[in-house]
Each structure stands twice: as C-alpha cells, then as structure tokens.
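> This is the structure I have questions about; it appears just below.
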C-alpha cells in the first residue's frame, strides 16, 4: 500500500516538474535592477538582499509575535503598543519615538477608546495589521511584476519627482500595507526633507493629541482607526492611481506648455456652464466630476499633524490618499496631482475645530475597468497669504495656470488644437469636439502614456467629455485669497480645459452671495475665456494701482449691489 502511494506521489511530482519546465513564464526583472524600486528604497523600511526586498529577521520575529495576538505578544494597551512600535523602529536602526508620541498612543488607546473597543483593537485588528506587514515584501514583488501591465505604461511605485509627469498604480491591499507602516511609524525619515517629501509616519498625530489635546485631533485618529478596522474585516480589491501632471515650461508640439498671458487673452473658447451651490460638500456631489483638493504644495498638508481643514479632512475620510505623501514631492507652480480611485470610509460633521467622525461611510462609487473607483481628486495648491500681490499679473497667471494644469486632459486639448489648425474655421462647441475625439491619434501615442491609462479605463471613448469639475473657495480662508477672483480664475481654467461644467460650492461665504447673478450676466453676454480674462486683468490692474477699491463683482456690475432687478437681464 505504502509503496503504491510513494510511486503515485513520485510520478505526480515528476509530471508536475516536467510541465513546469514547459511553461513560458514571463521574465521578471529583479528588484535590484529596477530603477523605480531603487528610487524609493531609501524611503522604505525594507532591506534589499538576494535581488528581493525583505524585513530584517528581528522585525519578522516581532511582527510574527504581534500577529499571534496579545496572549503571545502581551501587547494589549496603548502603552505596550507604543513600546512594540519603538522596538520595531530600533530593529530598523531608526530613532526611538518621542516621549510625546508614546504618551499619545497611550492617551488614545487607553483613555479615549472604550474598554470594549480597545480589547477588539488589540485582539483582532493589531494581529491582522502585523500579518499584513509581514506580507509587504510579497505585495511589492507582485506590484512590480505587474507594473507595466496597462497599455504598456510604466506604473511602478517610485519617487515621482518634480517635473516628472507620470503615474503610479497601486492595489488597495498594497496601499493598506504601506499605511500600516505609517501607523507603526516604520518609514525612514532621513533625506525626506532633502527630496521635498512630507512626513508620512503617524507619530506626529499622536504627539499633537498628547501635547495639545483637541477633540478634532481625537476624531481625525478615529477616522484612521476605523479605516484599519474595516480593511481587516474586508480587504478592498481595487486599485488607486496617482498622477503627477505637468505643464511643460518649454514649448512642445504634443503638449500644452505653461501658458503666457496672451494664451489667455487670445482664447476664443466658450465659457462652460457654471452651477452655484450654497450648500453641500464637494465630496458628496452626485455627478462624475474632478473633485478639487485645496492642497498644500506638500500634498496632504497638515493631515498628519494639527491641520483639519478641507485637504486634511479629505485625507482622513479617504485615508488611501495619505500614501501619496510617501512618493510625491512638493508641487511646483506648473504641476498638479490627480488621484483616481481612493475609497471613502468615514462620514463626518463640522470643520476645523468642530470636525467630528460620524461613523462608517458606504462608498458606492462605480468602478472602471482598471478597478479604480470613479472618484477623481485633483490636488492644486494656491498661493499662501498673497495679500495685494494676488492682483498682479504674474500671480493671476500662476493661479490660473495651476488650476488649468489640474483640470486639463492634454490629449483632448491637443486634439482640439490640431483640429482647429487644420480646419481653419475652428471648433467652438463641445459637441464638435466630442464628434471628433475618436480620430486616430497614434502619431502622438508616445507623448500620451498617462492619458492612455485613463482613456483605456472607461468603456465609453468619450467619457472624459462628460467629466466636469466640483470645487469651491480654493485658496481662500486660511490661504487668504480673494474668493471672487478665485471663483473667476477657476471658471477660466475649467472652460479652457474643455470641461463641460463647474459645480461651485460657496459654503455660504458672504462675498459670493451675488456669484449666481454675476455668472448668469456673463453667460448671457456669451463671453469667451479671453474676454473674461481681459476683464479680470483690467480690474486687477486698477486694484493694484488703487483706482478700484471694491470687489470684482461690484466693479463689474455696480448696480448689482443696489439690488437692481434689471441686472439679471442686462
């Protein structure tokens, strides 16, 4: 009996090995030869050995202990969790957590969490997070194996530096593992500042919680803890893409370059539809649109410290956005960042000091063929505290070009320009552009790699034609921008980018109470982008010289503020 079984097993193994040798497995470039991986390796907590990424043995043992639960690791409190994190960091040759961070862990998990919640966190969540960390090398290996799997475009995780347009495509599972690294504060901090990368570890969150307790800081951490709890119960299986968009500073036949003032003044593009919304939130809009992140030039801003305004809140309710802080250095004036597919996990109320976590959010966004949720977030950073200089031409140009970079689809805009040049009679309507957008553009293929990914991801070839922009008081508030000017600038940029509409959330800001009337008056006069730009420049010049002392809306329509009933029909 045993001899027959051994013979059967031996035969089966031989047949398996023979069949394996006949398989034509794709050649896999070793990790040590991958420029993308090597560019990011100094910022990862892994080591490279034998052409593969590994955790150091001491880290593996510590993570295995954590993965077996508190009965084995004895980690059953915030205090002991902070010690375990410090030990992991020491094993990686990193400095010990600051006392304030350790005390912050203790405050949150031992004092602010209920006993039942803390028990579940340490018994169920932490072991699964540790197990996910153990799998990080394997997840990275799989990621790089598939990094050129979409339209031949390079999508590998890498340092996507300034003036380097490109795209990184990550699975939600890999993102989750990287965010666990951030929670455990395992990312190296050396040289991040030199590369203009923002901090990525979560220790500052807990430092702020301890040193200057505030309910909004407590609730920010609650959003992140909720995310980790949810992914441990049901790991998402989709993808998220991160793109650095660049308006080249040099002219190019295949790309729109960074525009000069005459680009705007000579534009004959029609202004798009403009809908004013006095209530609601950008992230809750129901149509498919680019959702503007009022970003810091260091993406994420103060999300991982004390910040709690528009960008920071978005990063808390969509925590997958945080991973962008790992590999995307600060934005230059001619750059923007587009993130597609980030899942929302939390509901909230309030803003800034009043921000509160309000439980789970069920994200029912539809998914494209690349597994990305159709949530498109555009990070554009406005000038900070520009004061009176925001009315100078160079600042107007900078802000308009920044928004234009974020909203622009280079492929669509270049096609529009080519057809305009060839036909001599122009394309003045979006209907004409839509009818023409299926023309063969293979001659420009090598210039449009990142656009190819987005184009291939939708079954409808004209999908981009339907996507407008949802925005609001970008660069206002703490940044000090003039809301009337910023609204007009964004309208110009959305229109010139050939987007079909703009949804503008005013958040009931008093200076924008007349925005709807001004928009309808301008649309009734059928102004082009160039005409509105020229009017804006004229007003701004008068504002700089002191000739104009009122806001743009009142300067444009003096009778509007006298409640003239004829304004709407002028």
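A Cβ is built for glycine as well, from the same backbone N, Cα and C atoms used for every other residue.
All annotation found in TrEMBL is predicted automatically rather than curated by experts.
According to TrEMBL, the protein has these features:
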ACT_SITE  293  active site
ACT_SITE  311  active site
ACT_SITE  312  active site
BINDING   296, 310, 351  substrate binding site
COMPBIAS  450-462  compositional bias 'Polar residues'
DOMAIN    113-244  domain 'PARG helical'
DOMAIN    263-513  domain 'PARG catalytic Macro'
REGION    430-462  region 'Disordered'
> For a quick check of packing: other C-beta atoms within 10 Å of the C-beta of residue 312 (active site), how many?
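If we count other Cβ atoms within 10 Å of residue 312 (active site), we arrive at 22.
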> Residue 296 (substrate binding site) to residue 311 (active site): how many Å between their Cα atoms?
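Cα of residue 296 (substrate binding site) to Cα of residue 311 (active site) measures 8 Å after rounding.
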> Ten-angstrom check, please: count other Cβ atoms within 10 Å of the Cβ of residue 296 (substrate binding site), all chains counted.
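For residue 296 (substrate binding site), the count of other Cβ atoms within 10 Å is 21.
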> What is the biggest Cα to Cα gap, in Å, among 296, 310, 351, the residues listed as binding substrate?
17
> Reported as an integer number of Å, what is the Cα distance between residue 293 (active site) and residue 311 (active site)?
6
> Residue counts in helix (H, G, I), strand (E, B) and coil for the domain 'PARG helical' (113-244), per DSSP?
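Split by secondary structure, the domain 'PARG helical' (113-244) comes out as 70 helix, 14 strand, 48 coil.
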> Just jot down the residues in the same chain as residue 351 (substrate binding site), at least 6 apart in sequence, with C-beta under 8 A of its C-beta; none if empty.
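Listed in sequence order: 308, 309, 313.
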> Within its own chain, what residues at least 6 apart in sequence put their Cβ under 8 Å from the Cβ of residue 311 (active site), listed in sequence order?
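Correct list: 293, 294, 295, 296, 300, 301, 303, 379.
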> Have a look at the recorded positions (293, 310) and report the one with the fewest Cβ neighbours inside 10 Å.
310
